[in-house]
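Enquirer: What Swiss-Prot shows for this protein is this:
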- Asp99: active site (ACT_SITE)
- Asp101: active site (ACT_SITE)
- Asp281: active site (ACT_SITE)
Amino acid sequence: MNPATTEFVRQRFAEYYRKAMLVSPSSLAQREWGFVLFNPGAAELRMRRHIAFPERTELFDYIRNLVPSHVYYSSAYYEKPDAPTMAEKGWCGADLIFDLDADHIVKGPYDQMLSRVKTETEKLLAMLTEELGIDSKQIELVFSGGRGYHVHVRDLAFRGWGSAERRELVDYICGIGIDPAVLLNGGLVPGWPARFRSALAEYIGWLGTLSEDGAMAHLTSLEGVGKESAAGFLKKRAEILAGLSGEIDPTLLKDRVIKAVVHETEGEFRKRLNEKAALADEPVTTDIKRLIRMPTSIHGGSGMRVQPLELRDLPDFDPLVDAVVFSAREVRVDARFPLAMPMLGSTYQIQKGISTVPEAVGVFLCCRGIAEIA
């Protein structure tokens with residue numbers, strides 16, 4: 001941002017913070033805080049951190065006076081959160097955090113990325129509550145203000161977990177390290193055994209959409225599968241599909257084609273299996289000293305609100321409407337390239353150069369580095 005754009009965005013943030021009803025995390029006095037300031041012309045973002053607040057009024061006053069571009073707090077609880085080094089802080093545990101960010105999931109138009117990452121978030125929440133038995137009252141859901149969602153699990157049972165335990169959990173969520181033999185022998189139970197069977201059934205169904213020559217060519221391209229094995233597999237395709245809905249025939253696990261298919265690291269079956277995982281960002285979950293965005297703050301890279309949500313509200317939540325905090329009054333921006341920007345229920349066609357857009361769109365474009373204020 002140039003200085004004029006920085007000042008424009010900072011003034012909008014200041015206006016928001018003057019009026020907004022801010023919220024603070026639980027156990028405020030045990031949290032470390034970090035702030036990124038508006039710094040026109042800076043080559044990189046620098047964070048002011050190792051700060052603590054005993055009371056929420058002190059925190060809110062600090063934010064309103066400082067007007068930061070980003071606000072973070074620690075998922076960890078510390079004895080001395082404002083100590084200048086991590087070793088001196090005295091770690092007392094950390095919330096279990098999951099980050100679902102479109103950067104790690106899908107590329108494409110912004111609204112389509114947001115839609116896809118919502119689907120991944122819904123899968124994660126279902127796994128946590130229905131499969132792992134975590135009480136939904138212990139889960140806090142937050143739109144990150146950028147390209148995804150943060151899921152905070154406050155349950156004390158997880159607070160003392162180290163990185164290794166958290167990695168095992170996120171690996172389960174993401175379907176990493178699953179054993180095909182165990183899953184196919186898992187019986188008619190929910191969770192990964194059911195997902196594995198479903199993915200295999202979908203794969204076999206997909207084979208049925210190919211011509212006989214096409215199916216043979218595909219199967220014989222798999223490691224260790226010859227023409228005889230492939231032809232035999234195709235003849236008993238219906239029998240195998242029926243078997244996947246009941247108790248597995250032990251001989252199925254020895255089938256050369258099945259073994260080749262389920263041990264592939266990529267391909268048509270693996271693609272279908274991966275779609276059943278929730279694609280959380282593993283480093284965020286395993287980091288027991290992570291800084292995470294403060295709900296109700298503004299994301300300095302988008303100008304949108306870091307929006308806390310009730311779990312039941314996620315299906316109807318539209319970030320490009322519900323997390324927008326700035327007005328529809330018109331401002332002039334100078335865009336670096338043409339684009340279509342969906343926001344506030346409309347799609348704005350923005351040309352390269354000078355355009356007039358709603359303030360909310362203008363703030364977004366400036367924060368993303370797509371435009372300067374004109």
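Glycine residues also receive a Cβ, built from the backbone N, Cα and C atoms like all the rest.
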Enquirer: I'd like the Cβ neighbour count for Asp101 (active site), meaning other Cβ atoms within 10 Å of its Cβ, all protein chains included.
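Expert: A count of 19.
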Enquirer: I'm trying to understand the geometry here, so how far is the Cα atom of Asp101 (active site) from the Cα atom of Asp281 (active site), in Å to the nearest whole number?
Expert: 7
Enquirer: Quick check: in three-state DSSP terms, what is Asp281 (active site)?
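Expert: Reduced to three states, the DSSP call for Asp281 (active site) is coil.
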Enquirer: What's the number of neighbouring CB atoms sitting within 10 A of the CB on Asp99 (active site)?
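Expert: Asp99 (active site) is surrounded by 21 other Cβ atoms within 10 Å.
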Enquirer: Just to verify a number: CA distance, Asp99 (active site) to Asp281 (active site), in angstrom, no decimals.
Expert: 6
Enquirer: Count the other Cβ atoms sitting within 10 Å of the Cβ of Asp281 (active site), across every protein chain shown.
Expert: 19
